[in-house]
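Database features (TrEMBL):
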ACT_SITE  B:157  active site, nucleophile
ACT_SITE  B:323  active site
ACT_SITE  B:356  active site
BINDING   B:227, B:357  substrate binding site
DOMAIN    B:51-360  domain 'AB hydrolase-1'
SITE      B:325  site 'Important for acyl-CoA specificity'
């Protein structure tokens, strides 16, 4: 399992109700359903991902996150998860608010644009970073709202959200001691557990 | 006519008739003392009797959903693209049952049957039906076939309403409900279209209060008009545009009212004409009324989530982007109620140009998901 997903599953209590925003092919939901008796729902817009989730027997709803979560009742989920999608939505601040209306707690992961490799690329080449991890060109990318650890925390602060846990990982290794020492520079992916 | 049957066809099939002597109490308060249901089955019922799938038909549908009645038949059953060996509703896995609903005109008891109380054809006196009546009668058929629990109940449009009603009325008797291009109740606009269709029939002088059989005539003009109106609502603006545009049948405008000038006029007239020759006017008004009356939330303080909270089934809900008869927003109402009721549900909004008719088309994305959903059902 993807390093960030492996950490997330540990944070999700057995038997809870989970909403996964941008659930992809359902990797996390499938694990949670099989190992944690979770009633999970995924929201997704990619047809192939939706078909894959349906074939796996997962609950998947075709829904565009940019249109909000108005159809979900307040406090109807224990945990709302959004992995690697924050940077791709039109209104990251609004979706964050919505996630914490619908769920008691939310777990968010995003690529850290403050990572040294991004900084190095930008400062030496003077161009928007393109890497194996973020392979898109600036004019043709689903990622329209990049942020750093510090940016995200500033948003949480402004919205008066409590950060319960924070981890920095890279794609392959789930515990980077160095990364957690200096996340904004050395963390590739930020994983946050947030509540009201 | 196929020169030989395709390998993925259920092949030659013959309808069967089940007779029921136990009276059926109807939602309107009247009862059917006895009735027949005509049905077809495809595939084999397994020894555990756990692989049965019920297909519910829509407004003008019937029991002949797949395969051919004979090698001379021009077209296979109405949902042949979806039902067969290796198809999304795979007859290698499932035992598929499709019946003609009560009130129909394809062999099941309906307006063209004899009313035992009078010894005459029911005609316009056939009891007005509600979707729940069909569900009760389908449950009796399930009893007869030895099916305690359906692996899935599947339907599009009015058929989807039956699938939903099944999950509410007989929650223990189905594992999955597949609700396609449907709605939790009709909108005022939907009812308005149905009313135009009904008035076209009822006001046709040949209708004779529904007893036209004894006058040796049919309300052909009325039925034709009703179908023409209906057909407009089945197609999207774009689908009609690309199919006909403003294309003319004649090389110039005639400046009269009787010529068939635009291609779309010709198409609608053909559809109406063809339909009026094969469908019963009384069945048509009954079916539209059942649509209008459908409102499962009504029995639960108008709360759809409360209605669907009865369900034990898992759901697959599918809508089509250009369907304006039962738009994606209507399917979303069903999905939201199911979410609210904490039911298992998946939802697809399939991008398709065909309008409401899309539910009968083998659209790859739609069929892939349907296949995937049904494949993973454990029997």
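Heads up, the Cβ atoms here are built off N, Cα and C, so glycines get one too.
For residue B:357 (substrate binding site), the same-chain residues that are 6 or more apart in sequence and have a Cβ closer than 8 Å to its Cβ are B:234, B:235, B:239. In the three-state DSSP classification, residue B:227 (substrate binding site) falls within a helix. Within 10 Å of the Cα of residue B:157 (active site, nucleophile), the following recorded positions from the list B:227, B:323, B:356 place their own Cα: B:356.
Here the Cα atom of residue B:323 (active site) is found 18 Å from that of residue B:227 (substrate binding site). On a Cα basis, residue B:356 (active site) lies 6 Å away from residue B:325 (site 'Important for acyl-CoA specificity'). Reported as a whole number, the C-alpha separation between residue B:356 (active site) and residue B:227 (substrate binding site) equals 15 Å.
Look at residue B:356 (active site): DSSP puts it in a helix.
Within the same chain, residues at least six positions away from residue B:227 (substrate binding site) with a Cβ under 8 Å of its Cβ are B:197, B:271, B:272, B:275, B:276, B:279, B:284. Per-residue pLDDT, averaged over the domain 'AB hydrolase-1' (B:51-360), rounds to 97.
Cβ contacts within 10 Å of residue B:323 (active site), excluding its own Cβ and spanning all protein chains shown: 28.
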